[in-house]
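Database features, via TrEMBL:
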COMPBIAS  410-431  compositional bias 'Acidic residues'
DOMAIN    1-107  domain 'PH'
DOMAIN    118-153  domain 'EF-hand'
DOMAIN    154-189  domain 'EF-hand'
DOMAIN    458-574  domain 'PI-PLC Y-box'
DOMAIN    574-703  domain 'C2'
REGION    358-378  region 'Disordered'
REGION    408-437  region 'Disordered'
């Protein structure tokens, strides 16, 4: 038997062991064994792999950058909290073979009905799991084991009938096409077939006109419907004969409904669809807090992996807390705590390699500047305006931090002689000095203090995001500038929301505001970002390492617009004279409330609860949660279905009234009902209301960590009325 590919498995700069890696014949499992002993060390399933990164895109591989070229290095990233696997191949060709091969195997696929529609990976995966004695066949006992794994509590007599119907050879086992037939029967979707037959005259196919009727009446597609129908047939109909006749079979119909075009998320909003020529303050910006931490705030590990994960997740505002280290080498960590430290140079190197890999035209990356480091390079934007826009700042990094003097002084250029100022400018300067005197800070003393604590080279890097303290909205409106930014704790922000909601919205229409978690959140827990977005706060910093509802909302809002990390605020939040106050939804200009009606029809292959017993079957329920202005906050749930996580059928209708739909997020949560204790989390999906596509739609569920868990999904019918 071929030993496999010899590669180095790396855990640290000093721990590099040679291992043989091989993809098993099932194309689902990779094992690796020691070169020295020949003993199999470990194995993992392809379904556990989230992505593959090329080059020095991990902390360990970056530390070996001078020893091994990036062309030979790659990192396998797993779902959940499992550690990454860093590998070094013997050649660039071997590395590419593994990288491209793995990417093809883990490419996301939607769950179809028959073998022709359906990824062989899923068939093989279930067969391998069911075939306990590994003889390439599946007996009835193994079928029963498979049903338990698939969350199906089926009557034994019914399961035996399905087994015997599929056993065409009457051998007492299933193999090859027999297993495919069994799986097809098991996964038949009666609710989808019923919908198909409602629009099909003969119950066997949808003609082009029948499909057009369905798209117009149910999916509310009103533009280019005939062209869309042709595209769907060409793309999703498995039969060449049917495609040639321009008809859609039941299999093709299900394939369409499970596709991106049949998703609840409007596919046109997946790409960059918003205006990117507005001032920065007109956008919500995906932002992280203490990005370097991947655990708690006191003793947690600092790692460049935190930056990589945040950037891959679409984050565009990162935090770098930099402190003096040994031999003048600045280090990044949470100051005055016991967190581990990473060199500043490694963070900068990581940002340079990772920041622009998310998009063909990436928006600007923002970051808090280190308080005591002295960078060797600085970037300046010549001819800068006081109201920058993302489109003009693509491929740029903006630093937020303290600054000596004002932006206007820099715009004359370093070393240039500052021209004489007019009387108006002198008057403004005098007013500035009077203001600072009034609040007890003289201009000279403040400038001197800045010079003592901030290196000039670092100050020169701060252009558009000069950090200033916030006193109140009146003072900010009179004396602050659009190029400045204030940071507020979550508690202070809540008080301002409660006491002066409209003023807060107006302030955020012309200046950036950053919100950060309370210092009491030592466990890296999060606050709800929604209440901050309700008043237009742009940079709402969250602990990305902590899963939960808060990060679901963040991922849900920023999953649109090409995942660029920038989402344009509604028009009434970009107007400096707006009357909008989130506590008074009637203050919003525009049409009245809308009604969102959600028919929760069914679920498909819901995952088992983590750490549940082997034979346990879940009792799933669906809860729909609305997050938005206080008047729109709501939640409703279905009844639970006993002992069926495979194909539960609810057919329940939930209805919500939204007063400010532009700010609403909708979260679908599946839980395992427990009458004696708290329900267990099964899966979720969150999206902005603005991205919902009405009609019959599938919702492809995500795990607690925000990763895909195919083929788990919900089937719903959405209606939106005024």
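Here the Cβ of each residue, glycine as well, is placed from N, Cα and C on the backbone.
For the domain 'EF-hand' (154-189), the DSSP-based tally of helix, strand and coil residues reads 21 helix, 1 strand, 14 coil.
In the domain 'C2' (574-703), helix, strand and coil residues by DSSP number 12 helix, 62 strand, 56 coil. Model confidence over the domain 'EF-hand' (154-189) stands at 83, taken as the mean pLDDT rounded to a whole number. DSSP assignment over the domain 'PH' (1-107) gives 26 helix, 42 strand, 39 coil.
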